[in-house]
Amino acid sequence: MSTSEIPNLKSLLSSRRGGGFQSRRGRGHNNPGASTENIEAVKDSVVQSTDHDAATSRLSCVELGYLDDPFAAAFVTPGEPMSRRLPLLNRGTYVRTTAIDHLIEKFLSTSPSSPKQIISLGAGTDTRFFRILSRHGASINLVYHEFDFPAITSSKVGAIERSPTLSSLLTTTTNPTNAIRLEISDDKTRLTSERYNIHPIDLRSLVDTNTPTTFPNLSKTTPTILLSECCLTYLPSATATSILHTLVTTILPPPTPCSLILYEPINPHDAFGRTMISNLASRNIYLPTLTTYPTISSQRRRLKDAGFEGGQRAADTGFIWKEWVGEREKERVGALEMLDEFEELELLLGHYCVVWGWRDGGPDGAFTRAWEGIEEQVGDGA
Amino acid sequence: MSSGGSDLDKAIQQLRACRPIPENQVRELCYKARELLIEEGNVVGVDAPVTICGDIHGQFHDLMELFRVGGDVPDTNYLFMGDFVDRGFYSLESFLLLLCLKVRYPDRITLIRGNHESRQITTVYGFYDECLRKYGSANVWRYCCEVFDYLALGALVTGTATNLEPSEAPFADPSSQASMPGLDQDIEIETLNSNGEIMFRFARNGEVSQPSQAASAPSSSPLVDTPSRTGPSGTGATSSSNGSRGNDGGAVLCVHGGLSPLIDTIDKIRLLDRKQEVPHEGAMCDLLWSDPDEIDGWGLSPRGAGFLFGADIVKCFNHKNDLSLIARAHQLVMEGFKEMFDSTIVTVWSAPNYCYRCGNVAAILELGEDGSNAGFVRRANGDAGRKQNSVLMERGERGREGPGRRYRVFEAAPQDSRGMPAKKPVADYFL
């Protein structure tokens, strides 16, 4: 992306601040940035719609037995025609979800009683918090935060309210001591509780260091995982870098141990990658960081540069399927559907990666211990 | 609709425009096709010259591009190795057009069965839904599936020429011409782009010309598995000490997937009862599902059907059946074709930018006719030349001298001619 294509964030942000997402819909009269803003609003809504895609893919996986997630159905509109995904997409969703689960489980099970925090960027309708909760129960010492556009958080909070399972989980398990009152804002975009918090925020506002960077119930000192599952990749690289910088310096100031888990596409320069970029562009979806960090080596460097000095590891999802998934589980998953798209699956899995890096403040840190044995891919895996 | 009649020509015309024909016409077409196919053996005999094509997968506009690049029916003889349907948006139009052409020109086009020509697979991978969408009922799908059951399982191409008649065409990259073998040499392989320009040319005597930079897939050569070609004369595929001299390229077995541990001779394929849904296991299943792989002997297939088979299996099978080459499809190869195991087996893939996503190029394989020995058609899988070859086999090298092979590589039809549905039916990527 050339510099001229990068939208002027400053002007966008100044007109946006305080107004929230809704106000952007209104045509700003004498606003010189209006046309850019409208284009951006279209792009934003496209990016937001990618969450619906992810939610449907997740549900497809659950219904076929790939994933055990009783909460997935709550976030897909009831009565919506169920679109069953192709076997290779189900396989990919399975690998992506279980890989991140694995990293998070290792973290949660390291000194289980000590406090931990997870911040999920662009979480959308992700059900991970509820899955963790049902696995670990109320005793878990974890505070979970989700950041996303208000348009997304409001539909999520609405879905949680509508679902008896989720609301009862919230009132019982997530607020065991009632130390913090479970609260939902009037516009339904914000949810706060002892364990689980949904924050309506356009991540780009974090670029501006003048934005207040305190969030309800967010600890500045607890060891924290930052999670970006196909989120930062939709932003211009400079913006993504600034957001990360704010997160690891202001919101989680050193020496707070923190880590980043990324799930992003890679390898844009081969035939499959070029086709991916042009196909997504025809749907108005752009992945600016993909060309900035085209390989898993460049992703490792990116994490190091972002301050995750403790370690930077990466593997593409093809490697993860081969090396992380046990033989038994492979057999189980392999038996769920007949998969004929084998070469295509390898191509697809080779174009997504999981990257994880951390800042621990020492060799005894939580992340070093949690992730020491996890196998990564050597070099670029080519 | 009578065979050769104007109704059939009208149907062909309509399908060429990518417009489905009415249900009653489909019924009649399928009935005629079955009458024709029932007369074919499990292994159809095909005379060179012939153009061998791999998977199509409902990519109708790319099938039109294939005919543009390879020549139209009936001017060119075609052999399609299955997987006409599923995945692409126009399985129906693609399959019905090929079927119409088969009924109209039965001696000019051969269709063999792929693993997607099955009731079970088409319900998962799109053809069933497409028929339902386009006709409002599953009748057409049912008619087509009945035809699938009658498709042959393989084809045996005979009368091929060992050496190619060099194309009189410009080089894609004129500067590469100097490094290519001259016309005084016997040409074993030529690769042409979709404009008919020469990309590479390989001589039979072992001289290799390096792929030109103009190749559309520079990342890796599809000929990577033929290292012996680079060796001194007589050490590999280049042997000309073969007993059956002349210009006979030997028989070529065409099958969608590959070999089966239950099949050691082509005659055993002929004995199968093929007129049924593709079974989950057994010889017929293996022929449609198996893949060659860099292993010794047989291995389990990750696809859950068929097997993996190594170079030793192919060389032994080819020797025993007096084959010079196995041509198969079934696996996406980014460069459109891939020769393996000292050129004893080749994968041909004819769906460019597969699923509108993979970014691959496609290829078709032309085998020329042995003109040097007019009138003599050598016996299929007979034993001519076997004795000499057994020496080569023991040295772990290739048996028969293979046919001259001309690969035409082509890309997906231009986007604007493709008429893709505005609304994409599936999520293509992880978002």
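Backbone N, Cα and C define each Cβ position, glycine as well.
A quick note: this is a predicted structure, and the numbers were derived from the prediction, not measured.
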Self-check item: Per TrEMBL, A:Arg96, A:Gly122, A:Asp202, A:Leu203 bind S-adenosyl-L-methionine; matching candidate in A:Glu63, A:Glu183, A:Glu229
Solution: A:Glu229
Quiz item: So among the binding-site residues A:Asp202, A:Glu229, who's got the most Cβ atoms within 10 Å?
Solution: A:Glu229
Quiz item: Going along the chain, which residues six or more apart from A:Arg96 (S-adenosyl-L-methionine binding site) have their CB under 8 A from its CB?
Solution: A:Glu229, A:Tyr263, A:Thr317, A:Tyr352, A:Val354
Quiz prompt | Collapsed DSSP category at A:Asp202 (S-adenosyl-L-methionine binding site) | solution = coil
Quiz item: Are there binding-site residues in A:Arg96, A:Gly122, A:Asp202, A:Leu203 whose CB lies under 8 Å from a CB of chain B, and which ones?
Solution: A:Arg96
Self-check item: A:Gly122 (S-adenosyl-L-methionine binding site): tally of other CB atoms within 10 A of its CB
Solution: 24
